[in-house]
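Taken from Swiss-Prot as is:
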| type | residues | note |
| --- | --- | --- |
| BINDING | 49, 50, 115, 124, 140, 141, 190 | FMN binding site |
């Protein structure tokens with residue numbers, strides 16, 4: 001099973017709590033995290049894009065780096081790990097995104113790919129006059145399909161004459177083209193989102209579910225398998241989990257409870273309000289806005305000792321259609337080190353990393 005890191009491009013990572021580590025996103029922080037992850041054999045690193053935060057006393061996600069430029073910098077200081085930037089497709093034309101990706105492909109020597117997002121948080125786009133209207137909630141995957149087709153055309157042939165409802169290319173060109181096969185990620189969970197991923201993506205990003213229920217996402221992975229049957233492609237799932245690990249189950253649980261006790265209710269309420277605006281939202285967005293465990297945006301959470309977390313991650317790997325997991329931590333620097341030293345060596349699904357290190 002592949003292991004990735006969802007790097008903290010926004011302040012405070014993925015914890016909406018005053019009891020969690022409070023920090024600003026910087027290039028140096030993310031460089032340290034990704035270089036450490038690369039040293040422990042992580043397969044990929046992905047950065048999101050966020051253009052406006054949730055407010056509250058923690059100013060959650062009010063401070064964010066930009067995804068493509070961050071990953072370009074990280075491409076220059078890494079050598080093996082695959083890197084994915086996220087493009088907010090309402091903000092950057094596909095031909096420009098294709099050229100940016102080709103540039104980072106050159107910097108990284110073929111280790112770059114793109115995560116495509118349509119945009120669900122209206123204030124991110126309204127603030128710069130780019131929100132197309134609420135009807136976009138219903139047509140966004142049609143828009144994204146055209147966007148992805150233009151990308152594929154330009155990367156495959158260097159030119160595009162695509163004509164659609166949203167984009168019109170006229171002998172549009174990109175050169176040099178990427179040397180590697182450019183991979184696309186999408187996070188579609190609605191019926192339209194799954195259909196898009198099965199047609200255009202290489203991996204589909206989904207949320208884990210619940211606390212210490214590592215296989216609860218299995219129905220989502222199964223829906224993707226069924227969508228693949230209609231397209232004849234083999235798009236696999238990549239599942240997001242937060243790791244809260246310690247020497248004992250009790251110590252890890254105490255830390256998790258302390259984080260929840262400091263929940264920034266104002267920021268969480270803002271998330272719930274904006275998340276409910278998209279009536280056509282898939283399960284990911286509805287899950288994010290659910291107040292049940294919104295302190296970490298309701299991503300799947302694995303809490304326990306090193307051995308407990310290793311066992312649960314191996315359970316994740318057993319779900320059909322699962323390519324890998326993408327991890328977040330309460331403390332990213334320590335979390336990556338603890339994973340590499342104390343959790344990964346106990347994982348059956350990562351035995352190949354230990355064997356590789358023995359050979360080296």
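Quick reminder: no glycine exception, Cβ is built from N, Cα and C everywhere.
A map of Swiss-Prot features onto the structure.
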{"residue": "49", "record": "FMN binding site", "contacts (Cβ under 8 Å, 6+ apart)": "9, 64, 66, 67, 85, 86, 87, 88, 117"}
{"residue": "50", "record": "FMN binding site", "contacts (Cβ under 8 Å, 6+ apart)": "9, 10, 61, 64, 124"}
{"residue": "115", "record": "FMN binding site", "contacts (Cβ under 8 Å, 6+ apart)": "46, 48, 84, 85, 86, 87, 184, 185, 186, 187, 205"}
{"residue": "140", "record": "FMN binding site", "contacts (Cβ under 8 Å, 6+ apart)": "118, 119"}
{"residue": "141", "record": "FMN binding site", "contacts (Cβ under 8 Å, 6+ apart)": "118, 188, 192, 193, 195, 196"}
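Binding-site extent for FMN: residues 49, 50, 115, 124, 140, 141, 190, maximum pairwise Cα distance 22 Å (rounded to the nearest whole number).
All protein chains shown were included, and the count of other CB atoms within 10 Å of the CB of residue 190 (FMN binding site) stands at 18.
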